[in-house]
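These notes are about the structure you will find just below.
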Amino acid sequence: MDCVNGLCVAKEKVFEVECKCYMGWSGEACTVDKDECRETKDLCSKNGVCSDPKGNYTCTCNAGYTGQNCEKEVNECANADCVNGYCIDLVNGYKCECYTGFTGASCAVELNPCDYLLYDCAKGSCVAKGKIPFCLCLPGYTGLHCEQGKSQWNTCTSDRQMPKSPLQEWSLREWRRDQ
């Protein structure tokens, strides 16, 4: 017997032979091409398109999927660069979720702490020294959040005046020298 796309094997307990067809072939002499795409539902895992060249099938995977049957999702986070954040794997892409204080597609842009901490300066404006916000008070106001008018602070009963100084008040704890 001539097995075109298979192996010729002896049957058990009988002096006859038969064809054991290779994958993708059927029939007595293994000459009939099987259509695996039609015979097997969801052969490409619903993540690709099945085509049936002679003797086999091929899955052409949709973007974001891989594997012989498109059964594996590609992990785009494996090559992602989320500098100050963590990666969320999406189908055919990824997204960087930034840690507090950072923004941008790869979380590389550092934010001003006054913007994301919502540091309240009642009668002044928030400024940052590095990652630490503090209030720069308007003239006549003081306090950690510029919430006190200077008249509220002046509780001295003495007539003594403060000595003249080249320092200008910023807040309760900050002083700068004017040139």
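Residue numbers in this text run from 1 along the chain shown.
The backbone N, Cα and C atoms fix where each Cβ goes, and this holds for glycine too.
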TrEMBL annotation, disulfide partner among Cys61, Cys77 for Cys70: Cys61
Between Cys137 (disulfide bond) and Cys98 (disulfide bond), the C-alpha gap once rounded to whole angstrom: 32
Counts of helix, strand and coil residues, the domain 'EGF-like' (33-71), according to DSSP: 4 helix, 11 strand, 24 coil
Candidates Cys77, Cys87, Cys98, Cys107, Cys146 (disulfide-bonded residues) - the one closest to Cys61 (disulfide bond) by CA: Cys77
Integer Å distance between the CA atoms belonging to Cys146 (disulfide bond) and Cys77 (disulfide bond): 45
For the domain 'EGF-like' (73-108), distant same-chain residues with Cβ under 8 A (at least six beyond the ends): 62-66, 116, 131
Of the disulfide-bonded residues listed as Cys70, Cys87, Cys146, the one whose CA lies nearest the CA of Cys98 (disulfide bond): Cys87
